[in-house]
Amino acid sequence: MTSMSIIDDENVKKTSNGAAVVTDVAQHAVSDSDNNKAQLLGDGSNTEYVVDIFIEAAKDGDLKVVKDVVESGAVDINNDRIDELSGLHWACINNRFSVAKFLLLRGANPNQAAGPGGATALHWAARYGNIYIVDLLLKHGADPTLKDEQGLNIMHFSVYSSNILLVVYVLYFVVNNNDNVDIDSKDNNNRTPLLWAAYQGDFLTVELLLKFGSTVAWTDNRGFNALHCALVGGDQRVICDLILSGANFYERNNQKQDCFDLAEGMGTKSLFEQALQHHGYDRLGNQKDKLFKKSSHAQFTIFLSPFLLMVYIYLISLVLSPVLAIMLSLLVTVVMVNTLKKFVLPCLPRKNTYKVSLTRTPFFSGLFLSTFCFLIYIWTKKLYPYSVSDYTMKNVQFLVTSFLTVVLFLRLVRSDPGCLKTDDSLTSIQETIKQLIDLGKFDRENFCVETLERKPLRSKYSFFSGALVARYDHYCPWIYNDVGLKNHKLFVFFAVTVQYHMFLFMWLCLAYFKKTNYIYEQVEEYARCALLKNETLCKGSNYDPSTFFLFIWISVNFIWLGAMLIVQFFQILKGITTPELFILIKEEHKAKFINLIPFENSIYTSESKGVEDSDMIPEGPSATTITHTISIDGLEPRNRRRAILSACFSMMGINQWLVTIKEIVGITHILHGQVPQQHHSSLLRSFLVTNHWKTNLTDFWLNSDVTAPLWQRFFYSSDTSKAMLGGTEVDYYELYEYPAREGEVLRPN
């Protein structure tokens with residue numbers, strides 16, 4: 001903990017005294033008359049009293065009182081407190097931009113050290129993550145090379161704030177431009193910013209520092225390296241990042257403890273062992289031989305494994321009873337999945353993510369294709385011969401949908417979802433940050449810390465693609481790709497085709513089962529089923545278990561895909577994407593059950609054009625970094641169970657489906673504008689969900705090329721970044737505010 005922590009956090013928050021009280025006192029204490037001014041300046045007790053008023057006003061951001069006091073000459077803004085924090089310090093701590101700017105323009109010294117740690121206003125602003133204040137101070141001559149009594153500089157304090165955006169700012173505007181501020185700056189204990197970030201468990205900061213070239217091998221006075229600190233902090237992603245960067249497992253600290261000893265003592269042994277396993281090491285830190293030298297071979301093996309599983313299930317269904325075949329199939333599936341996780345996944349690269357899961361591999365696309373191939377095999381060998389004479393058209397439709405399924409699947413796997421190209425040059429990144437700061441929009445909603453570029457509206461960073469995806473909807477493991485602006489319509493065509501294809505297969509299966517019933521008409525024991533009450537299904541399970549098992553598997557997928565299509569069509573009708581629906585659900589849930597009002601910052605809603613206008617600067621501690629989080633540990637046991645259950649539902653997509661059904665039948669009105677008043681500030685709600693359903697359908701199904709024939713606009717997706725939104729053509733790669741509807745002017749985002 002730094003020396004700044006000596007001051008209690010309550011002392012740096014907004015005081016409980018109302019601004020009106022301070023203003024009233026100031027109006028009596030500070031007068032424009034020369035007599036009163038002389039009286040105040042001549043009386044030491046009165047001067048101290050006015051200084052107290054000045055400090056309280058600086059804390060509260062009461063610019064009027066601050067101006068009155070300063071212009072009266074009652075205080076010296078560079079000597080307004082002795083051995084304590086000045087008005088400028090308090091304004092910087094509490095993120096009072098207008099007050100800080102006024103004091104700096106009046107000649108306040110930004111490099112004055114104050115407080116028990118001898119920190120400057122820049123140090124305090126960085127400590128509390130106040131980006132706009134830091135930018136203001138640097139523009140008014142604050143020296144970023146200064147250190148406090150503990151040897152901490154702006155780089156340490158920005159990391160200590162846990163504000164990744166401030167770390168980005170300092171790296172690109174201070175470290176890059178000043179040779180005296182090093183990314184591996186050391187405090188009096190020889191701790192670098194990377195050691196601090198690892199100890200705090202800030203994986204975003206650690207990743208950024210490593211990307212910027214921070215030294216992993218550096219140790220502090222206690223002999224702790226970055227991996228030691230990460231094991232104390234207990235964040236697995238940080239541990240994984242440092243292992244990937246070559247951290248030494250066996251290096252010992254001053255207490256002769258290596259990483260294994262430290263993990264044992266800190267209770268992070270399991271996290272450390274999992275991280276080692278994720279990156280191809282055994283529990284002792286020895287590099288394990290990889291089963292595949294090339295990651296492409298590992299991916300191909302994962303893709304083929306479902307085919308082997310399907311062949312196995314088919315073969316055992318021919319020789320074993322249905323119950324035993326199901327049990328063995330489940331057992332082999334579990335063994336296969338665990339084998340892939342243990343031996344094959346470690347062979348894959350960790351691009352854009354700290355560990356690889358099976359859903360981010362070709363496994364599910366292989367499962368889809370193997371199911372499709374098995375389905376075609378059963379149709380060719382069994383269903384077609386029995387049904388071609390009676391159901392010719394159904395078989396023709398099945399053949400056509402089979403062809404379309406293959407074509408659409410291959411196109412989707414290779415399609416571009418709408419990834420934005422990144423300009424990672426230093427000049428481009430600095431210009432983007434500077435532009436966002438001037439607009440008052442340098443926040444996580446408008447800036448992507450993974451790609452270091454401005455985020456267009458409705459875009460989202462994809463760890464799978466490693467890029468921002470325009471109008472991002474979701475990642476689909478079945479097509480091994482993201483779904484976004486350029487392939488969303490193609491994905492819906494694919495899903496509808498697959499759904500109808502499965503329907504035809506199930507229909508032909510039932511016809512096949514009925515037609516083969518005559519074989520067992522005289523053998524009653526074969527028609528006895530303990531679970532199946534339907535005679536057709538019962539006889540089908542006894543006569544042809546392999547076809548019956550495939551029928552059940554297809555039926556399950558038919559139900560699941562049908563529910564997904566209901567959600568997709570509902571979202572298309574409302575003009576929103578899956579992440580946007582989740583945002584609205586989360587917003588509604590928090591307001592209803594946890595009594596949280598969504599944070600509203602005037603910096604995002606003001607029509608002013610820049611941060612120079614003091615009225616649009618966020619006033620309040622860390623106003624630029626406030627986020628809403630829910631701690632499960634802090635909830636009542638009943639609410640904790642509900643939160644865990646809700647998380648599981650979200651992962652399975654059940655929440656999404658339930659909300660859709662409730663909206664359709666009118667039980668809830670999340671998307672109809674009938675919500676508490678505090679939600680109406682949401683631009684997402686005010687624009688997207690209030691568009692007419694016909695407009696939303698047109699936006700999705702027709703591309704923006706109005707010169708093309710209607711059928712072509714419907715069936716073809718645009719290869720460019722342009723599409724319709726609210727009936728207006730927009731460029732989704734540069735969409736930074738929603739287009740205004742006719743007769744309406746919307747606030748910029």
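Even glycines carry a Cβ here, placed using N, Cα and C.
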#### Entry: Tyr386 vs Lys539, membrane side identical per Swiss-Prot
yes
### Task
Quickly, which of Asn534, Asn696 does Swiss-Prot have down as N-linked glycosylation site? Just give the residue.
Asn534
### Task
Quick one: sort out which of 193-213, 361-381 is the transmembrane segment according to Swiss-Prot.
361-381
### Query
Tell me, by DSSP, whether Cys476 (active site, S-palmitoyl cysteine intermediate) is helix, strand or coil?
strand
### Local confidence of the prediction over the repeat 'ANK 2' (83-112), expressed as mean pLDDT
91
### Stretch contact, the transmembrane segment (547-567) with the transmembrane segment (393-413), Cβ-Cβ under 8 Å, 3+ pairs
no
### Query
Where among 307-327, 328-348, 361-381 do we find the most Cβ pairs under 8 Å to the transmembrane segment (393-413)?
361-381
### Summary
In chain order, residues whose C-beta lies under 8 angstroms from the C-beta of Cys476 (active site, S-palmitoyl cysteine intermediate), counting only those at least six residues away in the same chain, are Asp482, Val483, Phe491
